[in-house]
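First the structure, in the form of structure tokens, and then the observations on it.
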């Protein structure tokens, strides 16, 4: 397939995903999570292109969260939480668990930033590889709450800020190829803490499976979509955090719990989530 045909097919696949799942409506003000990596760079480029080509009528904004990781992203979450990721790693003394803090703080920071911009939706560059990894991680952890929603192309439809993933069915290698063909500049340096994170081991396992069965990634996503939760299982209800007012399925959100632990000098490595119902028979 030539460059032009590949680009057209890839763009049309994303357009079909957006239209079929009704991800964008006229008048939407969309905050695109922009890390500067390949996924968010290609996402911003394609959404801008499709918005013009098909007249979506949406306003697109770029929103970046700086975690405070030296040599990767040197600015930080310091202004928002009083902690950078480098400080957190030094404090907890365990690089393997820093992704828990990073993910929770970054997600909430993205919500707060989008609200400041006046956005009504958040768009992220999670691709098929990312989603397959998340499905497998949630299966291995027995986290049925997250397993139920991790394959959803749009989440939080009842919240103030729904999130959607137009790259749900796009392979990472397709995104890299598109970026290369269109000479898009992106930040290719991996976070220095990523190799030691749990996700890294799951990613390596999936890559091994792909060598045996090329459809592995899509098959894992499809399996996650088909997994049903028993009707008698009570799932946590969304409300607002008593401390910060952010959307949470607990009385106090995980960000506030982690922040309190850090400030008290006694961070807990294992974070209990009310969405993880270990008591289910």
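Sequential numbering from 1, following the chain as shown.
Cβ coordinates are placed from backbone N, Cα and C, and glycine is handled just like the others.
Taken verbatim from TrEMBL:
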BINDING   33, 34, 35, 39, 65, 125, 130  ATP binding site
DOMAIN    29-203  domain 'tRNA(Ile)-lysidine/2-thiocytidine synthase N-terminal'
DOMAIN    240-270  domain 'Cytoplasmic tRNA 2-thiolation protein 1 C-terminal'
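Mapped onto this structure are the features recorded in TrEMBL.
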residue : record           : Cβ within 10 Å
33      : ATP binding site : 23
34      : ATP binding site : 19
35      : ATP binding site : 19
39      : ATP binding site : 24
65      : ATP binding site : 21
125     : ATP binding site : 24
130     : ATP binding site : 20
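Residue 130 (ATP binding site) carries a helical DSSP state (H, G or I). Each residue in the domain 'Cytoplasmic tRNA 2-thiolation protein 1 C-terminal' (240-270) gets a DSSP state, and the totals come to 11 helix, 3 strand, 17 coil.
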